[in-house]
Amino acid sequence: MLAFLILVTVTLASAHHSGEHFEGDKVFRVHVEDENHISLLHELASTRQMDFWKPDSVTQVKPHSTVDFRVKAEDTVAVEDFLGQNGLRYEVLISNLRSMLEAQFDSRVRTTGHSYEKYNNWETIEAWTEQVASENPDLISRSAIGTTFLGNTIYLLKVGKPGSNKPAVFMDCGFHAREWISPAFCQWFVREAVRTYGREIHMTEFLDKLDFYVLPVVNIDGYIYTWTTNRMWRKTRSTRAGSSCTGTDLNRNFDAGWCSIGASNNPCSETYCGSAAESEKESKAVADFIRNHLSSIKAYLTIHSYSQMMLYPYSYDYKLPKNNVELNTLAKGAVKKLASLHGTTYTYGPGASTIYPASGGSDDWAYDQGIKYSFTFELRDKGRYGFVLPESQIQPTCEETMLAIKYVTSYVLEHLY
């Protein structure tokens, strides 16, 4: 039995490196002060293969900011030489990405089956959606809202006590494949809803008076790919005629200033906006569902990582939303509540000025559909681990995020429209 468990451990650990192994890859953080520094990074990106972690692309780099990016092992010396010769201040956040990837799995022996305190692959999450619905029929129902490019079923969980004409909160996770903490939170939220209903006054009130539409993984194809082939994959896995490059950035594919700023029309770019708004089956499924339930959905919450931010519209424009003061006040209260548990500090504000301009985002689109409480959460951390947050941080991350989500939900309930 012990030999079997060890085999399972080794198999799981190696599965994430069956394609890209990331041995010797480094993640750098560069301190950008001015336009000259930005030009130098553009020059570097044109000669070396750089995987931008924050922001998503070199085109989104702003003065007086920090830039995190991954470099393949064979390019690390050249990149460090370039940064040093040009006076760009930097530090190495991750000196060997493979070691960090293996360390994200805290338990040496991986249990089979679903766990809320570990990262689960799609097969496990899919089975969990069926099980959690069948075990809690008075609180949860599961429905299919579409299929992905590769034919995987997109499952949605409706969480709430049965009732007619109930207002709703829509929450999705897993837009970007490598942001594993995001689907972990959606699963945690469902667990907490079931566990605390009838025991905790706020959750009981929420589920009596509201429905939560929870989409645990939007980009299923990409998420699967991060488990089997390339842990750092971001986009979907769709293909298109005339290009050898794969995938679209789902969070550039919505009809909100589509492909106008902070997005690329190059299929090989990490921020490729797609051939048209809602060209991807996944974004179309989300948009269709929301359009069909627009009269009931009062808040839209989309969960990403990393950088510890709570963002609201707009990202495709520097204009402020009509209820900017209200959204700012709500975000301020939510991040204060979040920080009260573990002291985790979040920045908050409109997307374009707080993080970077980006068009085609789901939060902007939802807001423009009339959903006035629309927020993006960028979960832990601020770059020490980035996209490879250890499993030991799942519980504290989810616990504190729950406080913010519940704060927003309480406000929405008190300000129905």
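Backbone N, Cα and C atoms are what each Cβ position is placed from, and that goes for glycine too.
Predicted, not measured: the structure shown is a model, and the values here were computed from it.
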Cysteine from Cys259, Cys268 that Swiss-Prot links to Cys245 by a disulfide bond: Cys268
According to Swiss-Prot, which candidate in His37, His42, His293, His304 joins His176, Glu179 at the Zn(2+) site: His304
Member of Cys186, Cys259 annotated by Swiss-Prot as disulfide partner of Cys173: Cys186
Shell of the Zn(2+) site beyond His176, Glu179, His304, same chain only (C-beta within 8 angstroms of their C-beta centre): Gly174, Phe175, Ala177, Arg178, Ser182, Arg234, Asn251, Ile303, Ser305, Glu378
Cα proximity to Glu378 (active site, proton donor/acceptor), best match among recorded positions His176, Cys186, Cys245, Arg252, His304: His304
Glu179, Arg234, Arg252, His304, Tyr306 filtered to the binding-site residues whose C-alpha is within 10 Å of Cys273 (disulfide bond): Arg252
Site of maximum Cβ density within 10 Å, from binding-site residues Arg234, Arg252: Arg252
Secondary-structure category, per DSSP, in which Cys273 (disulfide bond) falls: coil
Rounded mean pLDDT for the residues that make up the domain 'Peptidase M14' (118-412): 98
Which listed residue (Cys173, Cys186, Cys268) has most other Cβ within 10 Å, given these are disulfide-bonded residues: Cys173
